[in-house]
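> Below is the structure I would like to discuss, written out as C-alpha cells.
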Amino acid sequence: MAQPQRPLQVPDITKSTHSGGNTVLAYASSAMQGYRSTMEDAHATIENLDALTNTSFFGVYDGHGGSAVARYCANHLHNKVLEQEDFSSNLANALRQSFFRMDEMLRNQAASKELTEYGSGNEYWRTAGRSWLRCAPCVLGPVYCGPLAEGCTACVVLIRNTQIVVGNAGDARCVISRNGQAIALSNDHKPNFPEETQRIVAAGGSVSFSRGSHRVNNGIAVSRAIGDLSYKNNKKLRPEQQLLTCSPEIRADQLTDDTEFLVIACDGVWDVLANQAVVDFVRLHLNNGVELSVICESLLQEAITRDPPSTDNMSVILVRFLHPEGNRGARAATSSTSTGTVPSRHSKSISL
C-alpha cells in the first residue's frame with residue numbers, strides 16, 4: 001500500500017496547459033500539482049485519433065503510489081483502442097478491451113523499463129518498487145510482476161461523429177453540459193457502493209473505513225483502477241471479478257445541437273466543486289468570450305482557493321462542440337474521401 005504524501009505548506013500552482021481542436025471541436029487541458037509533494041496525474045488529448053472514422057480521444061489518468069502507471073496509460077491506452085478489432089464497428093467494446101489490455105501490458109516484462117523511467121523521481125517508487133523483483137520467492141532469479149502498489153484511475157472519452165462513448169474506472173469523472181444542465185456521463189467507483197462491495201466481498205476481501213475513506217482491505221480507496229496488481233492475483237477469478245478491477249463502466253450518449261461542452265477531471269476537482277457548479281463556471285466564462293485554456297486554468301485556481309481547498313493534484317480537459325453549419329455532412333464527406341492515412345501520431349498532446 002502506498003504511503004500517503006506529506007502535503008506542501010505552500011501549493012505549487014504552476015499550470016501545464018495545452019489547447020487545440022479540429023473542424024468540429026475545440027479543447028484545452030490544464031494540470032496543477034497543488035498541495036501534493038509530487039505530480040501523479042497524466043492526461044492525453046488527441047483530437048484526430050483516426051481520420052477514417054472521425055474519432056477523437058481524451059483521457060484523464062489520476063495516479064496513486066506514484067506517477068508511472070498514469071503516465072504509461074497516457075502514452076499507450078489510446079493506441080490500444082485504435083488497435084482493437086472492434087474499433088470501427090463497436091467503439092464501446094474496443095474501449096473496454098483496451099482497459100484490460102493495459103493491465104496485461106503492465107504485467108509484461110517489456111513494460112518495466114518505461115515504468116522505471118517514469119517512476120524514477122518518486123520516493124515511494126524507489127523504495128517499495130524494488131519489491132517488484134522479489135514477489136515470487138519460490139522462483140530462482142528475479143521475476144517481474146508489474147506495479148503491485150501503484151496504479152491510476154482512468155476516465156476516457158471517445159467522440160465519433162454524433163457518438164460520445166465514456167469509459168471510467170475509478171473516481172475521475174466526465175460531465176457534459178446540455179443547455180446548461182450538468183449531466184454526469186460516468187459514475188465514481190468507491191468500495192462502499194453496494195455493487196462494488198458485493199464484488200470485493202465475493203473475491204474474499206473486505207471494506208472498512210479508515211483515514212477518512214472507505215478502503216479495500218484497509219488499503220486503496222477506490223474499487224476500480226488500472227495497475228495495483230497486488231489486488232488482482234486470484235487466478236480463480238476473471239479480471240472483472242478481482243478485489244480491484246480495471247473493468248471500465250461504459251456510458252454512451254448522442255451529440256445533439258444542445259450539447260455544449262464536456263469536462264473530464266480528476267477527483268481533485270470534483271471533491272470541492274459539484275457537477276453543476278463546474279458547468280455554470282465554464283458557461284459563464286464562455287459567454288464572456290474567455291479562451292478555453294484560460295477557463296481550464298481558472299477552474300483549477302477556483303478549486304485550490306475554495307474553503308476548504310482541494311489538496312490533491314488536479315487535471316482537467318474541456319471539450320467544446322463547435323456545431324458548425326453542415327457539420328454532420330462535412331464529417332461524412334471527410335470519411336468518404338479519406339486516403340486512409342491515420343494521423344494517430346500527430347495532432348495530439350500527452351501530459352506525462
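Note that Cβ sites are derived from N, Cα and C of the backbone, with glycine treated the same way.
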> Check Swiss-Prot for me: it has Asp267, Asp312 binding Mn(2+) 2, so pick out which one of Asp62, Asp86, Asp103 it puts in that same site.
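The one candidate that Swiss-Prot places in that Mn(2+) 2 site: Asp62.
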> Around the C-beta of Gly63 (Mn(2+) 1 binding site), how many further C-beta atoms are within 10 angstroms, looking at every protein chain?
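If we count other Cβ atoms within 10 Å of Gly63 (Mn(2+) 1 binding site), we arrive at 31.
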> For Asp267 (Mn(2+) 2 binding site), just give me the three-state DSSP call.
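In three-state terms, Asp267 (Mn(2+) 2 binding site) counts as helix.
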> On the three-state reduction of DSSP, what should I expect for Gly63 (Mn(2+) 1 binding site)?
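DSSP call for Gly63 (Mn(2+) 1 binding site): strand.
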> For Asp312 (Mn(2+) 2 binding site), which residues of its chain lie six or more apart in sequence with Cβ-Cβ distance below 8 Å?
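Non-local contacts for Asp312 (Mn(2+) 2 binding site): Gly34, Tyr35, Arg36, Cys266, Asp267, Gly268, Asp271.
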> For the binding-site residues Asp62, Asp267, which one has its C-beta crowded by the most other C-beta atoms within 10 angstroms?
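That would be Asp62, with the highest Cβ count within 10 Å.
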